[in-house]
Amino acid sequence: MARFIFITGGVVSSLGKGLASAALGALLQARGYSVRLRKLDPYLNVDPGTMSPFEHGEVFVTDDGAETDLDLGHYERFTGVPARKTDSISSGRIYTNVLEKERRGDYLGKTIQVIPHVTNEIKDFISIGEDEVDFMLCEIGGTVGDIEGLPFFEAIRQFSQDKPRGQCIFMHLTLLPYIKASGELKTKPTQHSVKELRSIGLAPDILVCRSEGPIPVKEREKLALFCNVRADSVIAAQDLKSIYEAPLAYHREGLDQAVLDAFGIAPAPRPTLDTWEDVADRIYNPEGEVKVAIVGKYTQLEDAYKSIAEALTHGGMANRVKVRIEWVDAELFDKEDATPYLQGFHAILVPGGFGERGTEGKIKAAQYAREHKVPYLGICLGMQMAVIEAARNVAGIEEAGSEEFDHEAGKKRFEPVVYHLKEWVQGNHKVSRSADDDKGGTMRLGAYDAALTEGSKVAEVYGSNAIEERHRHRYEVDIKYREQLEACGLKFTGMSPDGRLPEIVEWTDHPWFIGVQFHPELKSKPFDPHPLFKDFVRAAKDTSRLV
């Protein structure tokens, strides 16, 4: 049966609970334990699938089709354990489940209340698969004191009481602000945060304190005294140049040992950290640098493309180069020449997105990459924009566009080279959708197989003619234009197993120009870079030697 580690946060949000959880998971794995990480979000959305990228950042998609918080991406990248639908829950989903049960009569006419019905639903979620792993790490979103988080804090309090003594511990992440005028780290915000936590029945076993530098012994002892934790369980989380140094940094601070001590596990297996030492070496000792432009519409918030940025970093590690990402707003050249904005880059990446805004700029980015022989990777919408560019400027379909944009305009303006996908095959059954369906959870989501053309660039990159990748889209390139586009040199080199849905396109007369309908960034890891990103950065490295 699993031991449970509950990770909470205080003082301010966005301190890095997800990264701390992921790094701890990696350290426990390095000692030979199996782990699973979960995220419990107090917001009332059922999932983040319909939330604005500016509001929430990236939506991370799992193999089984869940739309989840970007922290699950950190969990996967650090541990290599594929996340599942049962690893992410929100207040919205919890309340939906409770109300559905009430409507079915499952509660036998009782009055439905936060305690016990909502808290029981949360506890049931936490318990899923507890016999499968050695450690279950559960991160509670938000900060202590948030009203919407109270049912979750009460649920984990009850959960820890339901389990045998010593089976649950609590790790609290806080901020130690540094006051330059006095040259001091201030512990009072952390003390008050722990006081708030204790007032709702939770006592932290471990304090992880974010700070700009080391925590002096005096401050550690003060925190230990007033927060009622052991001094060696006060862990410094200093600012790092790379998130992938976090496992090594936390190990140096003794986080993994503090966790094992809290559970009374002794003697504990020694960790094997060779993988993370190699990752750190590749990050901090590159042999060159490449410049990659990400041409998108959410570039003001880099978290909107979190997995893409990390996958490029992984590709850089594999090629021993630093990838310098520059964020380019596609709207800047919607109506003008893209050359001044894109010249000098060693590669161009156009990511996914929704809506018409910025799409003309993305089409011009694809055109620039094609005409100037710059390596190009188009992901999801980025592939669709590359196809539309080819249709307009090479195949002679001047009005080529997407049905998505006609839908927004309310009238037909384009020839729909990209159309609204209403039917597809998932496993052994057909999935049907209509324009009247809810927006949430109705896209083509999760892992799907694709068959690659033998001898194609992508087959060479993957080293296989069969792949499985994660998807998140409701629009698709129309197969009826395949012959016309292939006659111009844009080959459809990846298809769904039934041959109906284009998955990959590539220009045969270009050094490296690939568009994919799926999201390869979601499966990339620092110790196992995705083949597409690995080869994309290699192509950028080759280009950098020519300019």
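Each residue, glycine too, has its Cβ placed from N, Cα and C.
Per Swiss-Prot, the feature region 'Amidoligase domain' maps to 1-265. If you look up Swiss-Prot, you'll see Ser13, Asp146, Ile147, Glu148, Lys186, Thr187, Lys188, Pro189, Thr190, Gln191, Lys222 marked as CTP binding site. For Ser13, Lys186, Thr187, Lys188, Pro189, Thr190, Gln191, Lys222, the entry in Swiss-Prot reads UTP binding site, with the evidence type sequence analysis. Sequence annotations record features per position, and here Swiss-Prot assigns ATP binding site to Ser14, Leu15, Gly16, Lys17, Gly18, Leu19, Asp71 based on sequence analysis. Look at Swiss-Prot and you will find Asp71, Glu139 tagged as Mg(2+) binding site. The domain 'Glutamine amidotransferase type-1' annotation in Swiss-Prot covers 291-546. The annotation L-glutamine binding site is assigned in Swiss-Prot to Gly353, Leu381, Gly382, Met383, Gln384, Glu404, Arg474 on the grounds of sequence analysis. According to Swiss-Prot, the feature active site, nucleophile maps to Cys380. The active site annotation in Swiss-Prot covers His519, Glu521 and rests on sequence analysis.
By neighbour count, meaning other C-beta atoms within 10 Å, the densest spot among the recorded positions Lys188, His519 is His519. A gap of 30 Å separates the Cα atoms of the residue listed as 'active site, nucleophile' and Glu139 (Mg(2+) binding site).
Mean pLDDT across the region 'Amidoligase domain' (1-265) comes to 94 in this model. Neighbour density at the Cβ, taken as the number of other Cβ atoms within 10 Å, is lowest among the recorded positions Cys380, Met383 for Cys380. The shortest Cα-Cα distance between Met383 (L-glutamine binding site) and any of the recorded positions Leu15, Glu139, Gln191, Glu521 is the one to Glu521. In this structure, of the recorded positions Asp71, Glu139, Glu404, Glu521, the smallest number of CB atoms within 10 A of the CB marks Glu404. A sphere of 10 angstroms centred on the C-beta of Leu15 (ATP binding site) encloses 19 other C-beta atoms. Comparing Glu404 (L-glutamine binding site) with His519 (active site), their Cα atoms are 19 Å apart once rounded.
Of the candidate recorded positions, Ser14, Leu381, His519, the one lying closest to Lys222 (CTP binding site) when CA atoms are compared is Ser14.
Neighbours of the ATP site: apart from Ser14, Leu15, Gly16, Lys17, Gly18, Leu19, Asp71, residues of the same chain with C-beta atoms within 8 angstroms of the site's C-beta centroid are Gly9, Ala20, Ser21, His74, Glu139, Leu173. On a Cα basis, Leu15 (ATP binding site) lies 16 Å away from Lys186 (CTP binding site). Looking only at the binding-site residues Ser14, Thr190, Gln191, Gln384, the densest Cβ neighbourhood within 10 Å occurs at Gln384. When the binding-site residues Lys186, Arg474 are compared by the number of other C-beta atoms lying within 10 angstroms of their own C-beta, Lys186 comes out lowest.
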